[in-house]
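Undergrad: As listed in TrEMBL for this protein:
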| type | residues | note |
| --- | --- | --- |
| ACT_SITE | B:76 | active site, charge relay system |
| ACT_SITE | B:151 | active site, charge relay system |
| ACT_SITE | B:175 | active site, acyl-ester intermediate |
| DOMAIN | B:24-462 | domain 'Amidase' |
């Protein structure tokens with residue numbers, strides 16, 4: 001299975017990446033090679049195999065719901081490229 | 001001879017006996033860094049003043065000072081260190097300073113460690129050479145024209161260069177063990193869940209583990225002891241008591257069963273590496289270990305499995321770098337455009353490739369064929385290890401198929417590059433622990449032997465690694 005330029009453009013959009021035409025061409029080739037290599041997994045019979053998401057049998061890990069000292073609003077905002085009135089600031093989302 | 005050319009245990013005794021002060025040790029470390037790091041480039045940031053100030057505070061030595069009290073160490077730049085830069089080797093975090101300490105960093109601080117700097121790495125821990133650093137490549141102290149390995153390139157190189165007694169790295173597919181092998185130092189990837197990942201900038205959350213680089217196995221056990229243990233802030237941290245790792249270093253491995261996976265000893269292994277590994281096996285047999293051939297039948301699928309699952313997790317983890325809360329922002333025509341420009345300008349090529357690959361594997365129409373199938377193959381690989389460990393205590397292999405290669409020599413085909421990780425990746429898929437120990441030189445370059453253990457059986461791993469180290473007597477050091 002290979003990947004097309006159109007698919008690369010679609011995946012770049014989903015990945016929130018702005019690729020140049022040159023980068024798209026190179027990415028198509030690189031991903032094609034990797035996916036081609038990954039196709040060796042298709043030869044295995046995994047019909048009755050359960051997927052592993054995690055190497056330890058941990059389930060529903062919860063800790064006590066107790067407040068603890070953590071970052072202040074000021075500290076949390078101190079790394080933001082833009083902030084205003086105690087909020088992170090982003091470009092306008094709605095038009096008009 | 002530098003003060004630092006000693007074991008942590010000896011230095012601890014000298015500190016306790018008031019023969020040396022923490023400030024003298026830290027000063028020696030900073031001097032060694034200024035004398036050698038122009039060539040090695042192990043550090044993205046050195047914080048000399050902060051380190052000296054802290055060391056002087058420690059000069060008043062309490063009676064109950066622990067083994068790591070006053071010992072200079074270094075931290076990989078994907079571990080958060082409050083008030084200090086944490087860049088993950090990426091332009092996207094070039095100006096970021098941490099707002100809090102990772103749990104391992106707090107634990108080391110509590111133990112009296114003095115961190116002297118943050119080490120270079122492949123961007124977001126993606127790479128096996130250190131050359132994917134967004135800033136500059138690190139050089140191998142044994143031969144400056146060669147790579148130190150990666151992704152914990154600086155953490156391995158700084159210990160090999162004698163700049164610090166130990167460092168922390170992270171290992172997702174071999175990023176501690178492979179550079180340890182290339183740089184002739186000891187590197188341990190603990191069992192998934194033994195060491196808290198809180199404050200480690202995530203690459204692939206179901207694989208990442210933090211572990212130590214040191215000159216010796218004993219030093220490694222000392223650092224592991226300090227960082228291991230349950231952490232309520234990491235929901236994947238195992239709630240188990242931590243054994244006494246130093247007590248495991250008995251030197252006795254009579255009757256220990258060591259498996260050699262036949263799939264690892266096939267084609268692709270450098271002849272010089274093979275020679276050193278065969279010598280290592282003889283040494284272990286002479287110590288009374290029982291060696292037998294075993295099979296891990298799904299080995300050939302491990303690299304493909306990893307390169308679907310890890311990028312899938314990475315594509316999700318790295319979504320947080322969006323120009324809103326921290327790091328770089330490149331303005332755009334609208335919000336989506338701002339995201340895209342920020343990420344494409346901030347991330348390097350390998351990171352963008354893995355984000356694309358992971359997004360593809362998770363995307364509608366390909367999820368079952370790639371991601372879900374890879375998760376199922378992961379189960380088969382894990383079962384391979386379970387089956388061997390029914391009859392064997394540890395598995396032995398080379399850490400890497402070759403010694404360190406030349407800088408700039410391996411930039412072509414991604415698949416060729418990924419196959420360098422063939423002996424280390426299956427360990428992360430199974431979540432078991434493994435250690436790389438120097439076992440000899442080939443053409444003047446270090447070769448590492450890898451021991452793989454059962455889940456949470458670091459004690460046996462350290463015992464065999466220590467016994468081997470003592471018997472093999474590898475004492476060569478990089479000369480700089």
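Using the three backbone atoms N, Cα and C, a Cβ is placed for every residue, glycine included.
Source: prediction; values computed, not measured.
Let's see these features in context: how buried, what's close, how far.
TA: Take the CB of residue B:76 (active site, charge relay system) and look out to 10 A: across all protein chains shown you find 31 other CB atoms.
Applying an 8 A CB threshold to same-chain residues 6+ apart, the list for residue B:151 (active site, charge relay system) reads B:89, B:121, B:122, B:125, B:126, B:127, B:128, B:130, B:132, B:170, B:172, B:175, B:179.
Following the DSSP three-state reduction, the secondary structure of residue B:175 (active site, acyl-ester intermediate) is coil.
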